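The structure under discussion appears below in the form of structure tokens.
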């Protein structure tokens, strides 16, 4: 019987990050997947990034994860969203060559030391009882083999009792054309895990040769600047990638009428589908009935790769019958002759309510069993990858008897994601938004490396060279800011008012520092560099764009950032008030039973976490603080 330190079940985005983290930290690791051909597959949209999701991807990269580097090697378009808004919500988004992304991820797994990649459907978890505790001991696969493990990470995506719906037709599948896992959920229930149902969906894929692009709005990529998800990607490699345009189309009243007439044939509305779907990624029929006054909805045409004609039609996710899908498509401008290559469908699947896991992503029921990705009730590749990385890290540290890594919501979007899941739970597939973070002006995608690379380095996931690069950037930002603060300029420097007038700013009559000039909304760091060329002894050349952009953001938004840092300081004081593991909530007579039950189940490790649990009031928190003070904590 083969034996591993850690076994990962599932080869999706969570599973890949978990397996790589475990193996790179020195553990003998195996990743099991139903099919080796679908490792790292993008089940729905062939893209990474977008608001808050790019923040997660950048944080994964800063901690030493793989997702950012993988998309940089395989993107076919990249651009920045929300450029007219503030830096907190600006986000990078890349369109992937779907097949290349999966192949590159598989190659990375296969070339990683300490990692075995095995095809096999896991049918059962081997759990034993020791000293009254359930402890994971390994797995069994349908092929009849058993494997021992000290820890197991479950990252099964939509495959647990997956049920696909297309109109009146439904059938078992984990993804279209792939087997669902029917035995593993039974094993999870047998060992005491609670399972519930969620639903998601995916749109039609169209033959790109049958679309009339001349009547659509083009969305080109951005080749004017270096754009990349990973700081370890070379600038020249990112710039050299060939980019393909995306396009925008729209539905119309005729399409909406077709959908309204087919309402009773939609499993979403006729009672066939029981699981709740993602509110922020609704099907087209959901949008039509939820927003009856809207006479059109955007559709996004995104190529699935260099070597395919398949076009992903974002915004047209559906569970309607195929004849209705055909009819509504032909009534969209530009799609009169369009041919469908893959039909849209909805899928229901099992998930474990996230209140069942600890902040480390370990199960509360079975020791050394970790859960990551959609099984925890989330939606999205980046959300899955973030959980996979943290599950891998914490599984390793648990086996080494080391302190767990629990990221604070004030330090990262990953921390916000996990804290939201465990403290609040979710009644729909959870998707990350910048609005979910109260510290979003500090938690920007551009400073993810400054926030988290040191931790990734200490964990052994970030190489020395990358760590030193980030530390140099930190030092350079400070040096440049100090130079700007102490360098005075006046109207005698002809370039000062030249730039100010060109940017629509008021010219100066008296002296100013370069720092004060940079605070002006329309003045960029490039402008400051231009002005500084006329100042003897000042050299602002030779710094990379990443560093100078960081200077510009911190200078322009200094007041807001300082306000956010004060909020974080206040938040940290709550997070630093630890709750003893042996606390007996029954001793707190003033706390209602409902709140006590939640506190007992979730077991918050500090006052901050306790305060965010749904159903726990400020009065309950005050009672806990008084109790801890009386105990001398």
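Cβ coordinates come from backbone N, Cα and C, glycine included.
Feature annotations, courtesy of Swiss-Prot:
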type    : residues                              : note
BINDING : 10, 11, 12, 13, 14, 15, 122, 181, 374 : FAD binding site
BINDING : 277-291                               : NAD(+) binding site
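When Cβ atoms from all protein chains are considered, those within 10 Å of residue 14 (FAD binding site) total 34, not counting its own.
The record assigns 10, 11, 12, 13, 14, 15, 122, 181, 374 to the FAD site; their largest pairwise CA distance measures 18 Å. Cβ contacts within 10 Å of residue 281 (NAD(+) binding site), excluding its own Cβ and spanning all protein chains shown: 19.
By neighbour count, meaning other C-beta atoms within 10 Å, the densest spot among the binding-site residues 283, 374 is 374. Ranked by Cα separation from residue 374 (FAD binding site), the binding-site residues 281, 283, 289 are led by 281. A count of other CB atoms within 10 A of each Cβ picks out 287 as the most crowded of the binding-site residues 279, 287. Proximity of residue 277 (NAD(+) binding site) to non-local residues of its own chain (separation of 6 or more, Cβ distance below 8 Å) is seen for 198, 199, 200, 201, 268, 283, 286, 346, 428, 429, given in sequence order. Taking Cα separation as the measure, residue 281 (NAD(+) binding site) is nearest to 12 of the binding-site residues 10, 12, 122. Listed binding-site residues: 10, 12; maximum Cβ neighbour count within 10 Å falls on 10. All protein chains considered, the CB of residue 289 (NAD(+) binding site) has 16 other CB atoms within 10 Å.
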